[in-house]
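Here is what Swiss-Prot says about this protein:
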type     : residues : note
REGION   : 1-31     : region 'Disordered'
COMPBIAS : 7-16     : compositional bias 'Low complexity'
MOD_RES  : S9       : phosphoserine
DOMAIN   : 40-113   : domain 'H15'
SITE     : Q56      : site 'Important for nucleosome binding properties'
MOD_RES  : R58      : citrulline
COMPBIAS : 116-136  : compositional bias 'Basic residues'
REGION   : 116-207  : region 'Disordered'
MOD_RES  : S143     : phosphoserine
COMPBIAS : 148-157  : compositional bias 'Basic residues'
MOD_RES  : T159     : phosphothreonine
COMPBIAS : 165-174  : compositional bias 'Basic residues'
MOD_RES  : S166     : phosphoserine
MOD_RES  : S181     : phosphoserine
MOD_RES  : S190     : phosphoserine
Amino acid sequence: MSETVPAASASAGVAAMEKLPTKKRGRKPAGLISASRKVPNLSVSKLITEALSVSQERVGMSLVALKKALAAAGYDVEKNNSRIKLSLKSLVNKGILVQTRGTGASGSFKLSKKVIPKSTRSKAKKSVSAKTKKLVLSRDSKSPKTAKTNKRAKKPRATTPKTVRSGRKAKGAKGKQQQKSPVKARASKSKLTQHHEVNVRKATSKK
C-alpha cells in the first residue's frame, strides 16, 4: 500500500500542472518595433531641418550650434548624441543637407537648395518685393512734383500762341481796313472831280 500512494499523488500533481493555463509571452509585431525605433530618428531629422531653415548663416550651422538649437527645442542632446550624428550623416547622404565644412558628423551643415521650404522662399521674395515697392513708391512720390512743375511751366507756353494769334488777327484786320480806306478815299476823290468838271461845264455853257 505504501508504494501505491506516492504514485497516485504524483499522477495527480502532473494532471494539475497540465490543467493550469500556460502564460504566453506576447510579441509585438515587427511593424510596431520598427516604427518605435524610427520615431526618434524622424524627430531629430525634422528638428535639424527646421533649425537649418530658420538660420540665416550663409556658410551653414556648426554641430555645436545645431545642438544648442535642438536643446532649445526641448530635445535631450546628451542622451541622443549618437542619434544626432547618425541623422546628420543620413541627411547628407540623402542630399537633404550639404556639408560645407569638416567631415563626417562634425563640421557645418546647411539645407540644399532643392530642399529649402517654399515658405522661407516666399518670405524672402516678399521681403525683396516689399523693398522694391518702397523704392518705387519713393521715386514716384518725388516724380509727381517735377511733373507738376513742368505742367505749370508748360501752361504759359500754351497761352502765348493764342495771344500772338489774336495780335496777328488784329493786325490783319487793321491792314484790311487800311487797304479798304484808300479805295474809299479814291472813290470820293473821283466823285469830287466829276462834280467839279460838271460844274465847270455848266458855267462854260452859260457863258
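Backbone N, Cα and C define each Cβ position, glycine as well.
Taken residue by residue, the domain 'H15' (40-113) breaks down under DSSP into 39 helix, 11 strand, 24 coil. All protein chains considered, the CB of R58 (citrulline) has 7 other CB atoms within 10 Å.
Looking only at the domain 'H15' (40-113), the predicted model's pLDDT averages out at 82.
Sequence-distant contacts of Q56 (site 'Important for nucleosome binding properties'), defined by Cβ-Cβ distance under 8 angstroms and a gap of at least six in the same chain, do not exist.
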